[in-house]
Amino acid sequence: MDIPPLAGKVAVLSLGALPLSYALNHVSALSYPLGVVWMSALILGLLFLAIYSLSRSDIYYDPLFAVFAVFSFTSVVDLLIALEEDGYMESFMAFYTKEGEPYLRTAHGVFICYWDGTVHYLLYLAMAGAIRKRKRYRNLALYWLGSFVMSILVFLPGNILGKYNSEIRPSFFLTIPYLLVPCWAGLRVFNQTQAPSCCTPNMVEEEQRKGLLRRPVDLALIIYLIFAAFFTLFRGLVVLDCPMDACFVYIYQYEPYLRDPVAYPKVQMLVNMFYVLPFYGLAIYALIFPGCSWLPDWTLVFAGAIGQAQFSHMGASMHLRTPFTYRVPEDAWASFFVCNLLYALGPHLLAYRCLWSPAFFLRPLPGPPAHHEKQH
């Protein structure tokens with residue numbers, strides 16, 4: 001997969017968030033929730049007009065260019081929020097976390113801001129650069145789509161169900177576009193044509209004839225997916241207050257963060273159980289039976305989703321913003337870190353395997369038969 005060049009204009013425009021945030025932090029009108037809402041909406045509107053005037057041809061070529069450019073700006077804002085909440089800077093975004101979205105001050109909020117300000121930011125620049133150069137970016141977009149949707153699926157319900165539900169401000173309604181944009185972007189991304197495969201009909205036929213024992217990488221991935229599925233189901237039962245002794249021991253001695261009243265970890269485990277667990281079952285099926293051409297795309301989506309989820313969950317489990325009683329105990333750090341890191345790494349290895357050698361998952365291609373018997 002080629003990595004497209006980063007979009008220079010978009011990067012420069014997004015970095016304008018630094019002086020703008022610093023200036024707005026000293027505007028007294030923004031000490032009120034409605035002032036934050038109107039100013040945020042005004043800035044986003046002016047930002048879109050600036051992008052449209054500077055890159056009209058790119059937007060006509062692919063409207064997602066405007067989405068990536070605007071979101072790159074908000075990614076810089078999120079990074080400023082995370083850095084300020086962790087004490088690395090000050091006087092930039094205090095007005096927004098106080099009157100706009102106070103739940104961003106939670107450990108989970110801080111880490112989704114870190115992820116958005118780094119991983120998403122680089123993806124936005126890369127995808128915008130690909131559009132400017134008229135190159136493909138479908139794989140990057142699928143990874144971003146999974147990561148973005150997972151963040152929304154956990155963060156928004158967590159805000160409503162957790163202990164910060166009384167802190168919801170009018171700025172919460174600015175997230176409505178964040179619910180609509182992934183749907184529209186996802187349809188556009190999935191409708192993009194896939195990169196042409198270099199696999200010949202003979203290569204596809206030969207690869208799909210191999211049994212599972214002749215594909216040790218796939219066998220190892222299946223074993224991993226089985227263990228990951230049980231781990232996903234187990235943690236889902238834990239947050240559902242399963243009375244089993246194993247669940248009781250786990251939630252108190254290994255991951256007490258699952259009891260945190262902010263509700264983000266509970267929602268995360270339930271999202272994993274209802275969405276990630278079925279995908280693991282389907283992936284096992286696709287690794288056994290050939291021709292499941294849907295798997296390479298969806299492995300990228302779920303790799304992005306689980307990468308974002310595990311980064312936020314692991315970071316929040318040990319962050320100082322999490323009360324001490326809900327943090328991972330020191331004697332459980334090693335087991336917690338290894339299990340959760342493997343849980344995050346496996347889907348990425350599965351996605352890499354599907355992109356590296358896709359022949360097993362391709363539908364049989366039309367072509368001449370591999371062998372002709374001599375006629376007498």
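Just so it is clear, glycine is given a Cβ too, placed from its N, Cα and C backbone atoms.
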As TrEMBL has it, transmembrane segment corresponds, among 103-128, 311-336, to residues 103-128
The average per-residue pLDDT within the domain 'EXPERA' (217-351) comes out at 95
Among 64-83, 103-128, 168-187, point out the range having the most Cβ pairs under 8 angstroms from the transmembrane segment (33-52).
-> 168-187
